[in-house]
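If you look up Swiss-Prot, you'll see E156, H274, E359 marked as Mg(2+) 1 binding site. Look at Swiss-Prot and you will find E158, E219, E226 tagged as Mg(2+) 2 binding site. Sequence annotations record features per position, and here Swiss-Prot assigns ATP binding site to E214, H276, L277, S278, R343, R348 based on similarity to another entry. For G270, R325, R343, R361, the entry in Swiss-Prot reads L-glutamate binding site. Taken from Swiss-Prot, the feature domain 'GS beta-grasp' applies to 30-126. Annotation source Swiss-Prot lists domain 'GS catalytic' at 133-462.
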Amino acid sequence: MSPGQKEALPVADRTPPLGVEELHALVAAGDIDTVVLAFPDMQGRLQGKRFAARFFLDEVLEHGTEGCNYLLAVDADMNTVDGYAMSSWDRGYGDFAMRADPATLRRLPWNEGTAMAVADLAWEDGSPVLAAPRQILRRQLERLAGHGYTAQVGTELEFIVFRDTYEHAWDANYRGLTPANQYNVDYSVLGTGRVEPLLRRIRNEMAGAGLTVESAKGECNPGQHEIAFRYDEALVTCDQHAVYKTGAKEIAAQEGMSLTFMAKYNELEGNSCHIHLSLADADGRNAMAEGGGMSDVMRHFLAGQLVALREFSLLYAPHINSYKRFQPGSFAPTAVAWGHDNRTCALRVVGHGRSLRFENRLPGGDVNPYLAVAGLVAAGLHGIEQRLELPEPCPGNAYTADFAHVPTTLREAAELWENSTLAKAAFGDEVVAHYRNMARVELDAFDAAVTDWELRRSFERM
């Protein structure tokens, strides 16, 4: 390194996994015959179409395709529901345009002869669909860029593997399934070896899809595992997260197995999705590090996280099941607190120098990464713009200390979100109303459901 040369912040290769010209060549050679074009919906699931590869190149890549706008206005079961301003029976359930982002082209090794691109959504006049998760994140990243920073993000998804097919799991009402491990295999090389054929295939095929694989390890709940990927720019990471989550399920199904990312499958440890974030400045340096510690930028950014955390919890924990993770002593947070390498806090500061970053420990495996990262960026920008002071860290057990509490139910989180002036200022009234309605729809469905717990409690004895 020559004198005066900047030390670059290490990031993953940003070269698109598959270029347009390379795709043309693969299609001409007959190696690719199908292209998936998909966008993340409100739950972070990929929705879209499969195209003949030649038609995709000749028509769709330049002009886009259409999709019914109800795809951002349905419940998790794809039922039409009331309350969304952008899409309804009264508005005729028209279309929006799905426009491929060429930078997201990649092969899908688990689907023979298949490539994929992620789409952005636009209305007929070309204006973006504001409630689309990818657009929500783009808007916050543009705001961050206005301050001279880019967000570097990594997500850590946990999942539980079962030796049952998805079809059997459905028929069994998702009860009585056989986990791939019989006991806690956290960090166990022996225990994870039993699931290694599946985990190895997932790792290798994700690498073939352009993701940079780091490692895999066992977790605490029987059958629970985690595969880690290298961090990257925020939008790239969120796209990769969505591809990985879908692809892992497809690969498991092909192997006659199933896996779940739901936040709390049973009364044991839940599936987390800790999100790590750092900021890079225009020179590629870690803007959060200064003089062997945290910079003022990081302190303000982290202070913003604390101020907004309760009001933005809907973005980090979007479902009823999400809130069942938040139990004392569970490694899932209950306290709105931060600490140095302290896993009892909602916000954990880790790393040193150029690797210095913070981790938000609220999200579970059911998180929509686009919305969660948008929330992290918006909260941090509030801290920077208001120059918020960071309180002292929690030095011990945040579970038993006197801190504000993470919301304990989706209902509480939805009310905080709906009444948040900070959320409305950062995201706009349309987005706040849209995702408040998403929570209302889920709450109404749950309130009307008769649960197994009620049957066991009341069938004979009441």
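In case you wondered, yes, glycine gets a Cβ from its N, Cα and C as well.
Rounded to a whole value, the Cα-Cα separation of S278 (ATP binding site) and E359 (Mg(2+) 1 binding site) is 9 Å. Close to R361 (L-glutamate binding site) in the fold, though at least 6 residues off in sequence, lie S272, H274, F331, A332, P333, R343, C345, A346, L347, R348, each with a CB less than 8 Å from its CB.
When the binding-site residues E158, E219, E359 are ranked by how far their Cα is from the Cα of H276 (ATP binding site), E359 comes first. If you draw a 10 Å sphere around the CB of H276 (ATP binding site), it holds 20 other CB atoms from the protein chains shown. Counting only same-chain residues at least 6 apart in sequence, those with a Cβ under 8 Å from the Cβ of E156 (Mg(2+) 1 binding site) are E226, A228, S272, C273, H274, I275, H276. Nearest by CA distance to E359 (Mg(2+) 1 binding site), out of the binding-site residues E158, E214, E219, G270, L277, is L277.
Each residue of the domain 'GS beta-grasp' (30-126) gets a DSSP state, and the totals for helix, strand and coil are 18 helix, 37 strand, 42 coil.
Of all the binding-site residues given, namely E158, E214, L277, those whose Cα is no farther than the 10 Å limit from the Cα of G270 (L-glutamate binding site) are E158.
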